[in-house]
């Protein structure tokens with residue numbers, strides 16, 4: 001007869017082993033999820049965190065929440081990040097208090113004379129820069145890859161005490177020495193990193209391992225650095241947009257074991273939550289997702305962490321500035337497009353670094369010591385090292401990546417200089433420094449390349465040695481230039497939110513100044529002032545151009561609101577303001593799971609300083625409301641310039657403001673005049 005006790009013991013052992021295996025498998029299958037709960041219910045932060053543990057405990061057991069929870073978001077909004085299996089995430093998502101559960105997404109980085117070009121010279125006492133004491137008192141939060149505060153670029157000369165309202169920290173930890181890297185300029189330095197299954201190859205600290213954070217921080221609020229030189233060229237004095245503003249760095253960007261930089265979604269929300277608590281005035285985020293069409297809010301499961309964080313920052317009166325991306329010049333590439341953010345892009349300026357090239361077939365007298373033989377090759381693979389030695393080589397290249405390959409191949413060739421004829425490059429890169437090849441390098445456009453090639457052919461047919469002079473590079477400033485949208489900035493519209501116009505150009509850099517001039521303005525008011533006073537034509541009366549496969553006249557999907565006009569933005573006269581109710585109504589129109597009015601307003605009535613309508617048929621009527629922030633007794637006349645194949649009627653077309661009437665709503669009727677066949 002079998003021993004029942006032994007059988008029971010054997011069963012218990014087997015059952016225990018199976019449970020252990022199952023538990024281990026669950027731990028290994030766990031992923032990082034964000035559980036978003038919406039606005040925080042009150043200001044008792046400890047109770048908010050306790051409520052997060054309670055929600056998590058309902059699913060994974062009462063004894064495990066603290067171990068599985070990574071972050072508790074409790075300052076700017078309510079939510080938490082935790083390690084969950086897919087099944088547990090689904091269960092939490094079904095709880096009544098939960099707005100949405102999001103699997104942790106990964107984001108990538110996006111990345112002197114500009115200020116004078118925009119009218120912000122330090123020598124003009126009446127401009128926005130000097131009216132705000134160059135941003136003194138403003139605190140700009142940077143969500144990026146860290147900082148090195150011991151650089152001269154972040155010196156605190158002439159700055160007063162740290163604002164007493166500041167609640168953040170800048171203290172020593174790991175390799176970060178606060179005595180060395182913190183001062184009256186760098187007043188905040190935090191790092192946030194979850195265990196995202198990526199090998200950590202750096203010591204955890206706010207120091208910048210990537211280089212992107214220093215670049216962004218200096219652009220926004222860098223200190224004056226005099227007599228800057230670049231390869232012997234005098235670049236003058238450089239500074240950031242608000243040189244007297246303070247910087248708080250929130251390091252969220254890290255390098256993985258492959259050398260790629262990344263931002264974890266759970267870390268982004270933690271950084272924003274900390275920044276709201278610390279008391280920053282402006283937040284800058286120069287990163288984005290890989291997806292081109294990424295909705296701020298949708299019902300299919302995709303969800304923008306950037307949209308959540310930026311929404312709550314704006315709800316606390318903090319302008320949230322985002323890079324619109326570098327995936328141009330194709331249409332439908334701009335992200336994100338949430339109405340509460342301020343998105344930015346790049347533009348050109350009236351300064352260029354030029355390298356004069358002189359051919360021997362003109363009337364100029366060229367000293368023989370400066371003449372060199374020219375050589376050509378079809379591509380970098382057909383280069384004959386013996387033929388190019390001691391000569392200037394020119395190549396026609398289609399792709400920018402071929403420049404790196406060519407310079408590498410030419411490193412030991414003995415070539416004297418390298419000229420590339422190609423399409424407009426996506427940006428300005430120091431190719432020699434990037435790959436460590438000390439060969440003089442000049443880029444020309446295809447038309448200039450053809451001129452050089454024609455000269456080369458003429459010399460060969462006449463049995464003459466083709467010769468060229470490459471002169472010392474020069475810095476040209478104050479030249480009349482055609483304003484243009486460069487090739488690389490992303491373009492509108494967004495296919496998911498076509499009723500929100502694209503980004504603006506040149507703006508993040510001085511929002512800190514506007515915040516000092518108008519501390520009580522909402523993020524929407526600041527955005528409105530920038531858009532309504534932007535230049536839609538350049539300062540010399542010419543059109544704005546857009547670089548791409550073929551240059552064209554730029555349109556609003558290229559430049560958005562236009563080229564920023566800082567000194568105009570400080571006194572816009574009228575603003576299109578919005579608050580949380582406007583944003584919530586917009587979210588309702590997109591299917592957000594919140595309490596919505598019985599009749600959801602049209603998203604076209606969102607009080608933006610722009611109107612964008614996709615697939616207009618017949619007519620549509622929308623409403624806008626303006627607030628007078630100019631002279632108390634003012635009269636404005638509305639003038640409409642309808643796009644092609646449309647007509648616009650505005651009522652009333654005259655707006656009269658006084659001490660009692662500060663806001664006026666008006667109706668805009670857009671009519672399609674296109675004759676359909």
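Cβ from N, Cα, C; glycine included.
Curation plays no part in TrEMBL annotations; they are all automatic predictions.
Per TrEMBL, the feature signal peptide maps to 1-20. Marked as domain 'Inhibitor I9' by TrEMBL: 33-109. Feature annotation from TrEMBL assigns domain 'Peptidase S8/S53' to 135-364. The feature active site, charge relay system is assigned by TrEMBL to 144, 212, 406. What TrEMBL records for 605-674 is domain 'Subtilisin-like protease fibronectin type-III'.
Structural mapping of features recorded in TrEMBL.
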residue: 144; record: active site, charge relay system; Cβ neighbours (10 Å): 28
residue: 212; record: active site, charge relay system; Cβ neighbours (10 Å): 21
residue: 406; record: active site, charge relay system; Cβ neighbours (10 Å): 24
- Item | Counts of helix, strand and coil residues, the domain 'Inhibitor I9' (33-109), according to DSSP | 28 helix, 26 strand, 23 coil
- Message: With helix taken as DSSP H, G or I, strand as E or B and everything else coil, how many residues of the domain 'Subtilisin-like protease fibronectin type-III' (605-674) land in each class?
- Response: 1 helix, 34 strand, 35 coil
- Task: Determine, to the nearest whole angstrom, how far the Cα atom of residue 212 (active site, charge relay system) is from the Cα atom of residue 144 (active site, charge relay system).
- Result: 7
- The rounded CA-CA distance in Å from residue 406 (active site, charge relay system) to residue 144 (active site, charge relay system) is 33
